[in-house]
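Here is what Swiss-Prot records for this protein:
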- 31-51: transmembrane segment (TRANSMEM)
- 53-73: transmembrane segment (TRANSMEM)
- 104-126: transmembrane segment (TRANSMEM)
- 131-153: transmembrane segment (TRANSMEM)
- 157-177: transmembrane segment (TRANSMEM)
- 182-202: transmembrane segment (TRANSMEM)
- 220-240: transmembrane segment (TRANSMEM)
- 242-262: transmembrane segment (TRANSMEM)
- 290-310: transmembrane segment (TRANSMEM)
Amino acid sequence: MNQTNKGEGQTAPQKESMGQILWQLTRPHTLTASFVPVLLGTVLAMFYVKVDLLLFLAMLFSCLWIQIATNLFNEYYDFKRGLDTAESVGIGGAIVRHGMKPKTILQLALASYGIAILLGVYICASSSWWLALIGLVGMAIGYLYTGGPLPIAYTPFGELFSGICMGSVFVLISFFIQTDKINMQSILISIPIAILVGAINLSNNIRDIEEDKKGGRKTLAILMGHKGAVTLLAASFAVAYIWVVGLVITGAASPWLFVVFLSVPKPVQAVKGFVQNEMPMNMIVAMKSTAQTNTFFGFLLSIGLLISYFR
C-alpha cells in the first residue's frame, strides 16, 4: 500500500540564492533616497554649466554605497541588540533567516564604505577636498544611526538626520561638484526632497512602532502614536507639494515643475494604507508607496527642470 507524504501536492519554498540574499540586505526599496537627490542636483546644475557625467556617476554610486553600508549597519546592530527575529518585517533577514554570520554583515558594511571612500577621492580631486570632511561626517552619521552608545534610530531625530543628510545634502553636493557653488535656488529645490526622504524613514518607524517599543526605542512615531505619526506623514507630503507651488509662484522655478503633481496618487495611497492598517505586514504597500512618492516626485521634478531648460 503506497503511503502519501505529508504535504504532497504543495510546493516547497525555494531557497534564495546568495545574490538574492545580498540584494535584500541592501533594502532596495529605500535606495531611491540616494538616487533621486543626486539626479535632481545634477539636473539643476545644467542651468549653470556643462555637466560632467563621470562626476555624476561617481557621486551617485558613492551615495548609494554609503546608504547600503548604513542599511547593513542597521541589520548588524539590530540583531546584536536582539531586535530582529525571523518574523521581523522589513529587514534583510540575512542573519536571522539565512544564517549569515553577523561578522560578515559588518565586513560588507565596511567594504561598502571603502568603495564610497574611493569614489569620494575622485570627487574631491575633481572638485574640493573640503567635501572629504562632509563625506566623513556623513559616514559617521550612517554608522551612528544604529551603532554607538546612543543610536540616532533610537531617538526622535531619525527623520531629521536622514532628511537633511540624504535629502538636502546629497542634492547640494551633487550641484556643488558640477558648479563649484551653492546658491539659494539649489537650497530651495532641495527642501521638498529632504521632507520626502524623512518621510521614508517615518513610514518605516510607523510600521515598526510595536517592535521598536520592545527594543526601547523612542522614535518620533512611538512618541506621536500611530494616528499622530500618520497625520505627520500626510502633512509632510502636503508641505512638499505646496513648497513646489511656492517656488513657482515666487518665480524661483518654472511652472513646468507643476508636473510633480502627477505623482499625487502615490502619497494618497500611502496615507490610506497607514490609516486602514496597523499590522506591520499589512503596511508594506503603504511603505512602498511612500518610497515611490519620493521616486516619482524627484523624477518628475527633474523632468520639469529639464523641460524648462530645453524650452
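A Cβ is built for glycine as well, from the same backbone N, Cα and C atoms used for every other residue.
When Cβ-Cβ distances below 8 Å are used as the criterion, the transmembrane segment (182-202) is approached by residues 30, 33, 36-37, 40-41, 44, 158-160, 162-164, 166-168, 171-172, 175-176, 220-221, 229, 232-233, 236-237, 239-241, 243-244, 247, 252-253, 290-291, 293-294, 297-298, 301 of the same chain, each at least six residues removed from its ends.
Residues 59-60, 63-64, 66-68, 162, 166-168, 170-175, 178-179, 181, 185-186, 189-190, 193, 197, 200, 291-292, 294-295, 297-299, 301-302, 305-306, 309 of the same chain lie 6+ residues outside the transmembrane segment (31-51) yet bring a C-beta within less than 8 angstroms of a C-beta in it. Sequence-distant contacts of the transmembrane segment (157-177) (same chain, six or more residues past either end, CB-CB distance under 8 Å): 33-34, 37-42, 44-45, 52, 55-56, 59, 63, 67, 123, 126-128, 131, 134, 138, 141, 145, 186-187, 189-191, 193-202, 205, 219-220.
It is 53-73 that, among the stretches 53-73, 242-262, 290-310, forms the most Cβ pairs under 8 Å with the transmembrane segment (131-153).
Distant neighbours of the transmembrane segment (53-73): 25-27, 30-31, 33-35, 37-39, 42, 92, 105-106, 108-110, 112-113, 115-116, 119-120, 122-123, 126-127, 135, 138-139, 142-143, 145-147, 166, 170, 173-174, 177-178; these residues of the same chain sit at least 6 beyond its ends, with a Cβ under 8 Å from one of its Cβ atoms.
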